Amino acid sequence: MNNIRKTHPLMKIVNSSFIDLPAPSNISSWWNFGSLLGICLIAQILTGLFLAMHYTSDTMTAFSSVTHICRDVNYGWLIRYLHANGASMFFICLFLHVGRGLYYGSYMFLETWNIGVLLLFAVMATAFMGYVLPWGQMSFWGATVITNLLSAIPYIGTNLVEWIWGGFSVDKATLTRFFAFHFILPFIVAALAGVHLLFLHETGSNNPSGLNSDTDKIPFHPYYTIKDILGALIMITALSSLVLFSPDMLGDPDNYIPANPLNTPPHIKPEWYFLFAYAILRSIPNKLGGVLALVLSIAILMIIPLLHTAKQRSMMFRPMSQCMFWILVADLFTLTWIGGQPVEHPFVVIGQLASMIYFMLILLIMPITSMIENQLLKW
């Protein structure tokens, strides 16, 4: 009798994806983040579902409904903070996952990589709209500032912004539609993640050496299932510690003040995971230029496969490229720091320099470094 997991129509999909999947024998812990992102997404959908049962998407009651969840609903505070800090864990895993792809040349799987970039955009859109829902000061003003950027689009900009707002300012219509989009987008993300996996399994995983690993494969289960469980336990421990000991550490205290269109907060800033892009946006004095730079700061990932000039796929054996990669990481930390600072000297200049270095590194310095390394191989 044939094994049911290999014959049952549903089970054989699971089997070929998570059990009998041939995986390289040498993939490191940097390959854990895909499964961690899956766990994050499931956790966010579940906690979000329970929050949606008690939340009301109306400007008069949204703030009170979130307070009600925290005070009156059984373990509502836990669900709310798991959801808010779960988003932070999601982005930590996302950034590490993308960084791994850049370092080890995983972007050479074009379809997988491009769907990954689409996923990044979708998750960022979801997180932005979720931040608007509690209807605190930072929710309202963040929504106003970011949606207003679309007015920089020539000719149709103003109409587009008013169409998104559903009126002449961020108001009840905006909040209601943001709630609807925030609810549906995670399911679109889940579907895209399925396609992401589908394309990945067409080629098989990359590995730290960047070499073909067809000659040395091991089954995913038990080797990588147990490894993923360990990674998941570490992440759950980190998230639990954050939620139970300092749930508001990553949030903005201004969001505990109900939204007031007549009172602008002194420093409008997004959640920490958008600060690097926000710093790039602010570093360009022109509105349209800033918006373009903001979009390009993420969209630039799509052209990275075209900028690959090295003879090896991975940076494992390329010390000069490694150096440039870590300078890029340091630059992103600098941008994140600047994004949270007020617009005054010396932060403006530091932000402009860091933004310039970011684009220069990706578009010019790293490809040239790879070409120099190619020449050094001949010596």
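Here the Cβ of each residue, glycine as well, is placed from N, Cα and C on the backbone.
These numbers come from a predicted model, not from an experiment.
Record features, source Swiss-Prot:
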type     : residues  : note
BINDING  : H83, H182 : heme b b562 binding site
BINDING  : H97, H196 : heme b b566 binding site
BINDING  : H201      : ubiquinone binding site
TRANSMEM : 33-53     : transmembrane segment
TRANSMEM : 77-98     : transmembrane segment
TRANSMEM : 113-133   : transmembrane segment
TRANSMEM : 178-198   : transmembrane segment
TRANSMEM : 226-246   : transmembrane segment
TRANSMEM : 288-308   : transmembrane segment
TRANSMEM : 320-340   : transmembrane segment
TRANSMEM : 347-367   : transmembrane segment
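Counting only same-chain residues at least 6 apart in sequence, those with a Cβ under 8 Å from the Cβ of H83 (heme b b562 binding site) are Q44, T47, G48, L51. Around H201 (ubiquinone binding site), the C-beta neighbours below 8 angstroms that are at least 6 residues distant in the chain are S16, S17, L21.
With a cut-off of 8 Å between Cβ atoms, the residues of this chain six or more beyond the transmembrane segment (347-367) that come close are 279-280, 282-284, 293, 296-297, 300, 304, 307-309, 321, 324-325, 327-328, 331-332, 334-335, 338-339, 341. On its own chain, H182 (heme b b562 binding site) has G48, T126, M129, G130, L133 as residues at least 6 apart in sequence with a Cβ closer than 8 Å to its own Cβ.
Long-range Cβ contacts of the transmembrane segment (178-198) within its own chain (Cβ-Cβ under 8 Å, at least 6 residues beyond either end) map to 17, 37-38, 41, 44-45, 48, 52, 55, 57, 112, 115-116, 118-119, 122-123, 125-126, 129-130, 132-133, 143. H97 (heme b b566 binding site) counts 20 other C-beta atoms within 10 Å of its own C-beta, drawing on all protein chains shown. Here the transmembrane segment (288-308) has long-range neighbours at 98, 102, 105, 107-108, 110, 113-114, 117, 120-121, 124, 149-150, 152-154, 276-278, 280-282, 355, 358-359, 362-363, 366-367, 370, meaning same-chain residues at least 6 beyond its ends whose C-beta is under 8 angstroms from one of its own. Neighbour density for H196 (heme b b566 binding site): within 10 A of its CB lie 21 other CB atoms from the protein chains shown.
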